[in-house]
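Undergrad: Okay, these came from Swiss-Prot:
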BINDING   Gly9, Thr10, Ser11, Tyr12, Asp13, Ala14, Ile15, Asp16  ATP binding site
Amino acid sequence: MRVIGLMSGTSYDAIDAAAADIRIDGDTLVLTPLGMVSEPYSGELRAAVAAAVPPASTTVGQICQLDTEIGQAFAAVAARANAELCGGSAELISSHGQTMFHWVEGAQVKGTLQLGQPAWIAEKTGCTVVSDLRSRDVATGGQGAPLVSAFDVLWLNGRTSGSVALNLGGIANVTAPGGGGTTADGPAVPIAFDTGPANALIDAAVSEFTAGEQWFDLGGALGAAGTPNVDLLAHLLSEPYYTQPAPKSTGKELFHRDYLLAALRGYESLSLADIVATLTALTARTVADSVKALAATEVVVSGGGTKNPTLMAMLRDELGDIALVSSDELGVTSDIKEALAFAVLGFLTAHGLPGSIASCTGARHASVLGSLTPGSRGLPRITSVPSAPKTMRIEAL
């Protein structure tokens with residue numbers, strides 16, 4: 001099946017579309033990436049999203065407008081991907097949408113909201129669309145995240161038991177297919193969770209203190225020019241989220257601009273470079289602490305944070321003897337991974353197969369994820385699959 005996965009992360013800077021041919025061979029999911037296209041949000045739409053996410057207030061009218069405009073933007077990127085990557089032959093589109101809010105009370109996720117009305121995608125492309133992929137997991141008591149864990153477990157099964165997948169987006173998340181070791185009863189079940197901010201607080205600081213002229217630390221230049229402040233870092237590390245047990249999830253409903261400004265009270269004399277260096281060190285430390293707790297021997301990293309050499313250098317230092325490997329070395333380009341993961345989730349849904357792993361999200365059971373919006377071409381043709389795949393093989397074109 002030829003599938004397009006659509007993704008925009010918590011940095012809400014661009015929409016990524018990855019296309020792939022996906023099939024099942026025995027107990028193996030065979031994935032052949034076809035490429036990726038990416039389209040930045042317009043300045044107006046990005047500003048509108050930023051103005052609506054917590055802790056800002058918004059209106060039902062603004063949410064309706066955003067749902068439509070994000071859906072139209074996703075539809076345009078999907079149509080481009082279908083034309084440029086698939087020659088117009090895509091059979092299914094799987095859209096994550098744009099996360100606006102993750103409703104968490106204590107350790108329990110009570111709801112999640114992704115905007116980007118799928119009807120616009122179906123109308124523009126003629127393809128059936130799988131969307132709203134997180135809500136079913138939440139309804140079964142799960143965190144609704146990290147959903148990429150299903151991809152990671154399939155992908156890394158068969159490597160060393162200490163392999164851990166790490167994604168550095170706005171939020172950092174890890175997946176340990178081996179569950180961090182073995183138990184007295186045998187192999188441990190997979191686990192996954194959000195470790196905390198990756199780029200979220202760095203981006204917030206850069207945007208705030210450059211009056212919006214910059215959105216992120218380009219090339220890690222600010223972080224490299226500064227020195228982490230030991231006292232501020234200790235203060236940031238006192239955040240209770242970091243000591244919560246897994247599975248757990250978080251987002252910009254916690255790690256946002258106002259959170260950052262409150263944390264910086266008493267540190268007004270610090271330069272922007274020192275602030276960014278400290279926030280970069282925070283990401284490296286919290287990720288490394290989480291990885292070490294999983295008894296990892298290898299970290300396979302992907303996501304936008306890999307483009308920040310300062311962050312990557314700090315992370316290497318924090319990891320010590322634990323190997324840090326780019327996902328590119330395993331056949332999955334870092335930029336494409338999340339969109340590919342959602343293509344796989346859409347494929348699983350279309351075949352009636354679970355896309356969540358209960359031990360990774362904390363759900364009562366695994367679930368078939370998402371909702372279907374049929375396209376004008378009708379539902380995709382489905383080949384009967386006797387059982388869910390256990391591993392994944394990446395094949396080149």
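Cβ atoms are placed via backbone N, Cα and C, with glycine included.
Burial and contacts for the listed features, if you can.
TA: Under a cutoff of 8 A between CB atoms, and with a sequence separation of 6+ in the same chain, the neighbours of Ile15 (ATP binding site) are Leu6, Met7, Ser8, Ser38, Glu39, Tyr41, Ala73, Phe74, Val77.
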Undergrad: With a radius of 8 angstroms around the mean position of the C-beta atoms of Gly9, Thr10, Ser11, Tyr12, Asp13, Ala14, Ile15, Asp16, what other residues of the same chain does the ATP site pick up?
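TA: Apart from Gly9, Thr10, Ser11, Tyr12, Asp13, Ala14, Ile15, Asp16, the close residues are Met7, Ser8, Tyr41, Gln98, Gly169, Gly170.
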Undergrad: Looking at Cβ-Cβ distances, which residues of the chain lie under 8 angstroms from Asp13 (ATP binding site) while being 6 or more apart from it?
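TA: The answer is Pro40, Tyr41, Arg46, Trp215, Phe216.
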Undergrad: Using DSSP reduced to three states, classify Ile15 (ATP binding site) as helix, strand or coil.
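TA: Once the DSSP labels are grouped into three classes, Ile15 (ATP binding site) ends up as strand.
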Undergrad: Can you tell me how many other Cβ atoms are located within 10 Å of the Cβ belonging to Thr10 (ATP binding site)?
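TA: Excluding its own Cβ, the number within 10 Å is 22.
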Undergrad: Within a 10 Å radius of its Cβ, which of these binding-site residues (Gly9, Ala14, Asp16) has the fewest neighbouring Cβ atoms?
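TA: If we count Cβ atoms within 10 Å for the binding-site residues Gly9, Ala14, Asp16, the smallest count is at Ala14.
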